[in-house]
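Here is what TrEMBL records for this protein:
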type    : residues                                                                   : note
BINDING : Phe24, Gly26, Gly28, Glu68, Ile254, Arg256, Gly258, Ala296, Thr299, Glu304 : Ca(2+) 1 binding site
BINDING : Asp298                                                                     : Ca(2+) 3 binding site
Amino acid sequence: MATLRVPASVPPADEDCGQLRKAFAGWGTNEALIIQILAHRNAAQRKLIREVYAATYGDDLLKDLDAELSSDFQRAVLLWTLDPAERDALLAYEATKRLTASNWVIMEIACTRSSQDLFKARQAYHARYKRSIEEDVAYHTAGDFRKLLVPLVTAFRYEGDDVNMTLAKSEAKLLHEKISEKAYNNDEIIRILTTRSKAQLNATLNQYNNEFGNAINKNLKDDPKDEYLKLLRATIKCLTSPERYFEKVLRLAINRVGTDEWALTRVVTTRAEVDLQHVKEEYHKRNSVPLDRAIAGDTSGDYEKMLLALTGHGDL
């Protein structure tokens, strides 16, 4: 369920391009006009705008936006303007670099995208960086993290709703057995989490809960400081309840001392056309504050206006 509000009547792409060019002209950039256009166009419309802009002016819209804007607002606009597969490729690339390394972002992309979308992100990564996501993930991670993350980013899960209950029961028992042994990096745990469809995993984990009286993540809290166990729990949450996972990312980004703008921007720009409405509902339920009010209280200026537009609360 998307949150993004697109006007009932959208101007043709060449008109949008002319307005964007006008926003860049003169001494100061017209940020409000950029938000008014780009924040209210869907992925297909934004892609067409980029193509028409290049054909009309011989310039790359992304490079012009990069030159004209700055700070968190710049990053939000650039991430949003990218094609979703290009955006995921960029985020994955950043997540393997030393200064911006994040096993969580790699896991998030691998677990919350559809099989087709993850495949497109891997293709976009090939095209832009001349190597594969799995190659970089394998090179920049080690040990249990590598063992989990490489099969996650290479997965192509079945997307249907068909479930094998006999398999769900046997794999729930297998998971419980390995977790009871504290064999958290066991090949069978990794195999189940990195290959089974999301519907099958939900059935298996419901069976686990019913059979053993505990949600699986409660049994994975043996050592609260263990970073691998934290990532394993987050993987399970991403695969089974992405809206709860993203609510927590947003809550931690907003409530910490000094907002985590990278996390806030990443979640809003990547989920606005997917499931941000569900995330907003989860956020309100968990925090008793609407997400747009939390964002408005923690951000300012054009950055705030851009995020609020993407969450469906900006002015058209």
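Each residue, glycine too, has its Cβ placed from N, Cα and C.
On the structure: features taken from TrEMBL.
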residue: Phe24; record: Ca(2+) 1 binding site; Cβ neighbours (10 Å): 19
residue: Gly28; record: Ca(2+) 1 binding site; Cβ neighbours (10 Å): 9
residue: Ile254; record: Ca(2+) 1 binding site; Cβ neighbours (10 Å): 20
residue: Gly258; record: Ca(2+) 1 binding site; Cβ neighbours (10 Å): 6
residue: Asp298; record: Ca(2+) 3 binding site; Cβ neighbours (10 Å): 17
residue: Thr299; record: Ca(2+) 1 binding site; Cβ neighbours (10 Å): 22
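The residue listed as 'Ca(2+) 3 binding site' and Ile254 (Ca(2+) 1 binding site) are 7 Å apart (CA-CA, integer value). Straight-line distance linking the Cα atoms of Gly258 (Ca(2+) 1 binding site) and Asp298 (Ca(2+) 3 binding site), rounded to a whole number, equals 9 Å.
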